[in-house]
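Chemist: Once you've had a glance at the structure underneath, I'll fire off some questions.
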Amino acid sequence: RRLSLHEYLSMGLLQEAGISVPHGVVARTPDEAYKIAKEIGSKDLVIKAQVLAGGRGKGTFEGGLKGGVKIVFSPEEAKAVSSRMIGKKLFTKQTGEKGRICNQVFVCERRYPRREYYFAITMERSFQGPVLIGSSQGGVNIEDVAAENPDAIIKEPIDIVEGIKKEQAVRLAQKMGFPSNLVDEAAENMIKLYNLFLKYDATMIEINPMVEDASGVVMCMDAKINFDSNSAYRQKKIFDMQDWTQEDERDRQAAKADLNYIGLDGNIGCLVNGAGLAMATMDIIKLHGGTPANFLDVGGGATVHQVTEAFKLITSDKKVLAILVNIFGGIMRCDVIAQGIVVAVKDLDLKIPVVVRLQGTRVDDAKALITASGLKILACDDLDEAAKMVVKLSEIVTLAKQAHLDVKFQLPI
């Protein structure tokens, strides 16, 4: 999992780092938006919906308001527009039909750019480290620019040990087309952004656009920052900023239980240890005509509690008609997984078929636990056979539902 912050929080981090950004304040009610607009004192303001999704500007709110980024010209208008955003769901291409709730808006001064540029820092495997990315074409979808004109994207790899050098930032600013009198200022902003990237264990910082504004100042008009979830233990300040209202409830529960979970569209639940084995398990389910309902990696040191929580996560998805547990016990002990399965099946009064494939450390103890439980858990030593079995069982349950038959795999028998 990666952490994404709201724009106003990202802009706050930039401001702390001494990077030029437009003045703005977050508002959580229309009345707050009115008050902030009045305090800013400008007749030109921008109201930005704070929703963790791309394409806000082209989105639509429930209630009919078009666009999650609006220009307003008075505190009264700021209040009126905010009232149509706050507490409403915004639907974009990225959110799909579920939409995402807007709980706050960012009220900021409007700046007039002479030119717009694109700038980002990300980790890239081909360079085995961080890379600066720039383009003279900012303020637009950079993926479209890359597809239509790949030469417009400039990359500058950074040696992770030596760090960024001023000549690298200057070279990139020149290639991006900054006027000669602003090259040094643009380069200084890039260096500050790189230092921010390292300080907070970011995996990406995207500024779109970075601009030369009408007063001749280089400014970052927007900021998107992603953080490495592995750094949560030392980036408490950052991870405490996470807005869980923007996440699926299952993602929240998975994070709480320290499980790697991603919900999918299928009907076969998967519980696996190890990301590689989890992906291979999903592949083999697809190979035999099934569709995985999730990616779920319990890791190498899962406890009975975590396995139970994993089952709760899987079964909270009402599309799930069968479950495949695939464990290769190296560090992970098979008997711990078996205890978790037995506890979960009993606690949840599970009525859907569970196929279990266990191999490795203490596998015989695990099989004995499952047998002694008296539960109808279907064991299989071969992964290919286990996948075929769970796909077939999901098809049986599907047919029963289509025929309006109350066919359940009663556990225990």
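Placement of Cβ uses the backbone N, Cα and C atoms for every residue, glycine included.
So Swiss-Prot lists the following for this protein:
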type	residues	note
DOMAIN	11-238	domain 'ATP-grasp'
SITE	ASP44	site 'Important for substrate specificity'
SITE	TYR112	site 'Important for substrate specificity'
BINDING	ASN208, ASP222	Mg(2+) binding site
BINDING	ASN273, GLY330, ILE331, MET332	substrate binding site
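Walk me through where these features lie, including what they touch and how far apart they are.
Modeler: In the three-state DSSP reading, ASP44 (site 'Important for substrate specificity') counts as coil. Sequence-distant contacts (6 or more apart, same chain, Cβ under 8 Å) of ASP44 (site 'Important for substrate specificity') comprise ILE71, PHE73, GLU109, ARG110.
In the shown protein chains, 9 other C-beta atoms lie within 10 A of the C-beta of TYR112 (site 'Important for substrate specificity').
Taking Cβ-Cβ distances under 8 Å and a sequence separation of 6 or more, the neighbours of ASN208 (Mg(2+) binding site) in its chain are TYR118, PHE119, ALA120, GLY138, GLY139, ILE142, ASP222, LYS224.
Other C-beta atoms found within 10 angstroms of the C-beta of ASN273 (substrate binding site) number 25, with every protein chain shown included.
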Chemist: To the nearest Å, how far is the Cα of GLY330 (substrate binding site) from the Cα of TYR112 (site 'Important for substrate specificity')?
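Modeler: Cα-Cα distance, GLY330 (substrate binding site) to TYR112 (site 'Important for substrate specificity'): 59 Å.
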Chemist: Tell me, by DSSP, whether ASP222 (Mg(2+) binding site) is helix, strand or coil?
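Modeler: SS state of ASP222 (Mg(2+) binding site) = coil.
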Chemist: Helix, strand or coil: which one is ASN208 (Mg(2+) binding site) in, per DSSP?
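Modeler: In the DSSP reduction, ASN208 (Mg(2+) binding site) maps to strand.
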Chemist: What does DSSP say about ILE331 (substrate binding site): helix, strand or coil?
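Modeler: SS state of ILE331 (substrate binding site) = coil.
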Chemist: Please give the maximum pairwise Cα distance, in Å and rounded to a whole number, for the substrate-binding set ASN273, GLY330, ILE331, MET332.
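Modeler: So the binding residues stretch over 10 Å, Cα to Cα.
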